[in-house]
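S.K.: From Swiss-Prot, for reference:
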{"type": "TRANSIT", "residues": "1-53", "note": "transit peptide"}
{"type": "MOD_RES", "residues": "61", "note": "N6-acetyllysine"}
{"type": "MOD_RES", "residues": "61", "note": "N6-succinyllysine"}
{"type": "ACT_SITE", "residues": "94", "note": "active site, proton donor"}
{"type": "BINDING", "residues": "167, 193-196, 216-218, 285-288, 310-312, 368", "note": "NADP(+) binding site"}
{"type": "MOD_RES", "residues": "252", "note": "N6-acetyllysine"}
{"type": "MOD_RES", "residues": "252", "note": "N6-succinyllysine"}
{"type": "MOD_RES", "residues": "267", "note": "N6-succinyllysine"}
{"type": "MOD_RES", "residues": "267", "note": "N6-acetyllysine"}
{"type": "MOD_RES", "residues": "316", "note": "N6-succinyllysine"}
């Protein structure tokens, strides 16, 4: 099934010891200020003390909230998604690993409850998101340092704010940082139904770019295809269809893509390279297939293709906090204008985290699992 859509169409939019956690707090508070205690508390968090299967190592723990001082900010978490990077971090397969024990979650939105005397950029009532990965958002409350947070406007949907700081940021940076694309140019991507993939479709459309979106075949293929079209996808095809000779007919109506976005690797990434324009760039930001990216010598010599990688955490290290805040504001404007919506999602109460973890790790995941506090 090969589906096209014009840009002018409609857009819808096992146990942990308390002493371990106490030792964690004694090590110094780099991102948060929780310690464990034995009696029940209204402050709860999903904690892991070693790396492994999230379903086995994650536990719902009662934690103690420390006093707010100086540059501290007391935050009540509102919602936090479960992303692939969260799972990889818990498994120990990620480029950034917090000290153990740790609270899970890299992304989410919370509301400021109180601030310390030295806090100048935030006030009670403000919405905030993490400035960097590893903050530990799967909890009901926390005391963070002001520099660990970024304020976001409250006039955007809660689920959009909760999923703002990772996937849309990754999508935007990949679209604008590697090739100087102009309206009418095209982009090809795999894993198009992922959080990043859905953001790519919408942001590209807002920039006047056309998208060729590759997905794995599945039982509900038409439902998924229709949803991606509603987001603004120009073409949606399966991995198998991408290999068919008929695919070349797409390029009668649009130029060969100069940018490919790869989250899969293996044969899928090789197919993306095959359809790139000479001199084009493939950016790899994930490896779902757990297979290497392979490029033939002829692709590199005769087509002069470029292979790059992108990791948002590294981008943040290379850029100032103000530049990240500017990026967040750009994306918030797109949300306000109806040009960027949150991925299809399912809200799960924090205490039902096992259900959310299981759902997020199933094949052909169609709904983003968001923990609600």
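Numbers run from 1 along the shown chain.
Glycine is no exception: its Cβ is also placed from the backbone N, Cα and C atoms.
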S.K.: Count the Cβ atoms, other than its own, that fall within 10 Å of the Cβ of residue 316 (N6-succinyllysine), considering every protein chain shown.
M.R.: 17
S.K.: Would you count the other C-beta atoms found within 10 angstroms of the C-beta of residue 196 (NADP(+) binding site) for me?
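M.R.: I count 26 other Cβ atoms within 10 Å of it.
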S.K.: Tell me which of the modified residues 61, 252, 267, 316 ends up closest to residue 217 (NADP(+) binding site) in space, Cα to Cα.
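M.R.: The smallest Cα gap between residue 217 (NADP(+) binding site) and any of the modified residues is with 267.
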S.K.: Which state, by DSSP, holds residue 61 (N6-acetyllysine): helix, strand or coil?
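M.R.: DSSP assigns residue 61 (N6-acetyllysine) to strand.
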S.K.: Let me check the 10 A CB neighbour count of residue 94 (active site, proton donor). How many other CB atoms are there?
M.R.: 20
S.K.: Between the Cα atoms of residue 312 (NADP(+) binding site) and residue 61 (N6-acetyllysine), find the distance and write it as a whole number of Å.
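M.R.: About 30 Å separate the Cα atoms of these two residues.
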S.K.: Could you check which of the binding-site residues 167, 285, 287 is the closest Cα neighbour of residue 61 (N6-acetyllysine)?
M.R.: 167
